[in-house]
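One structure is given here, and the rest of the page talks about it.
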Amino acid sequence: MQIRRPLRVYKTGPERGRELFRAMSEPRGTTQRSGGGTTHLSFVVVLLVLFDRNPWQVTARAPLTDNVADSSIKLNNENFPTYQIRDIEPEDAGVESFFKGLNEIKQSTNATLDEERPLPRVLYTGWQTWRTYLNSEDQIGIITALKDDGDIDTWGGNMKTIDIVVQPAAIEKVSAVLAQNNIKYEVMLDDVQRAINEENPTIIEETDDRKGHRLTWQAYHKTADIHGYLDYLAETYPDLCSVKTIGMSVQGRPIKLLKISNGKPGNKAVWVDGGIHAREWITPATVTFIINHLVSNFENEPKYIQDTDWYITPVANPDGYEFTHSTDRLWRKNRARAGGQCSGTDLNRNFGYKWGGKGSSKNPCTQIYAGAGPFSEPETAAIQRFIKGTQAAWKAYVSFHSYGQYILYPWGYENAVPPDHRDLEAVGRRAAAAIVAAGGPRYTVGPAGSTLYPASGGSDDWAKGVAGFKYSYTIELRDTGRYGFVLPASYITPTAKEALAAVRVIVEAAQKA
């Protein structure tokens with residue numbers, strides 16, 4: 001068995017694409033085995049790379065002949081692939097065992113790579129967010145080109161405005177390009193890192209003896225605190241609350257669901273989730289606020305609230321959410337190994353209705369990567385499996401996101417609406433009115449595809465189109481772009497109160513469905 005082409009090792013990161021060295025190719029540097037065959041020293045080089053402690057991301061590639069394994073190895077927060085041996089000769093049995101050993105290591109290594117090799121925290125010092133005002137498709141194309149060049153990222157927007165994030169080195173260039181193309185803009189955040197630093201106050205610790213859990217709504221909490229709160233409710237209110245782990249994340253974290261129910265047969269069922277997108281911290285905080293209010297005041301709630309089975313998942317993407325706390329505050333996707341240099345799947349492009357269409361991507365390096373296929377990710381598969389496998393009278397589906405202040409209903413995959421869109425519009429408008437009545441700001445109501453932009457593979461489209469929910473909504477919470485994803489914790493309570501008012505309206509309608 002002979003490697004005919006050289007092993008190349010490339011260092012990525014700031015020196016991406018620079019070739020460090022080329023190993024000697026052809027038959028030189030071989031060793032004898034008892035079986036009479038030869039093993040190329042490239043395998044020794046691969047092992048050296050495997051255990052290298054260089055902090056940079058390293059990729060080792062050996063273009064191989066057809067009868068040898070594909071031996072691409074990704075290190076430092078990338079994936080170790082599963083090796084497949086093809087056309088193994090009898091004297092190559094030792095090599096086959098070698099790759100089998102790597103495969104055994106791979107299963108545990110990939111699951112814990114972030115924990116074992118913690119990445120340095122990503123800092124956004126000097127980065128700015130701008131709101132751009134667009135009047136034509138050509139101007140939208142300019143924004144797209146700047147993004148493709150790596151000068152900016154996009155946060156949110158619609159057909160008329162797009163919020164962009166500009167890295168410090170590109171500020172002068174982007175400003176000039178916008179001016180040349182008559183694109184007006186205003187600076188929303190002049191230093192993203194400063195906003196991140198000021199976003200979340202230090203949590204004041206309270207002992208379990210005083211409160212029984214660590215959750216507050218004056219700060220953003222990690223998954224452990226949120227899940228601990230769900231467990232506390234199940235222990236404290238066993239006749240009302242129960243907790244179930246509906247699945248495990250890519251990295252082995254539980255996806256927990258709280259059921260709130262008075263146990264009456266014939267109850268209508270409602271699903272509520274948050275945290276599908278990791279960086280949208282306001283959503284788990286809002287969902288847990290709603291939980292707290294329902295449980296604490298259940299006996300005083302109206303009949304339509306009491307006679308509903310509530311199924312609530314505050315953190316649908318626990319890996320990504322934890323990653324935003326530990327490493328990259330603006331991470332959006334899950335933490336799946338997508339292959340190549342990029343990680344993560346956009347879970348809200350991974351649901352199995354019109355998967356892979358407009359507003360999604362097959363490129364793992366994009367923010368809207370839809371995954372290898374519908375429900376390819378364990379997080380979305382867990383939601384699908386639970387909803388389809390639970391004998392509940394599902395009527396309403398509410399998924400919280402941020403930001404923009406929208407109440408959106410299907411369809412999102414296209415500029416189209418379902419046959420009962422007038423019902424969805426009417427209930428959405430009543431929910432928006434309830435937000436204003438609760439002291440909140442104006443929320444825009446409409447079908448997702450035309451109100452914002454087409455996005456295929458969304459959870460709300462799947463809930464409506466496949467799972468059969470009558471009322472399916474994505475609620476984009478505060479704000480409209482002043483802070484965007486780094487909404488200060490002081491906004492948690494007012495945002496959550498208005499969200500609760502909207503949910504009440506949707507659940508009341510669901511009871512009549």
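Keep in mind that glycine also has a Cβ here, set from the backbone N, Cα and C atoms.
According to TrEMBL, the features are:
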type	residues	note
DOMAIN	219-510	domain 'Peptidase M14'
ACT_SITE	Glu476	active site, proton donor/acceptor
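The C-beta environment of Glu476 (active site, proton donor/acceptor), restricted to residues of the same chain at least 6 apart in sequence and closer than 8 Å, consists of His401, Ser402, Tyr403, Gly404, Gln405, Tyr406, Ile407, Leu408. In the three-state DSSP classification, Glu476 (active site, proton donor/acceptor) falls within a strand. Mean predicted confidence for the domain 'Peptidase M14' (219-510): the pLDDT average there is 98.
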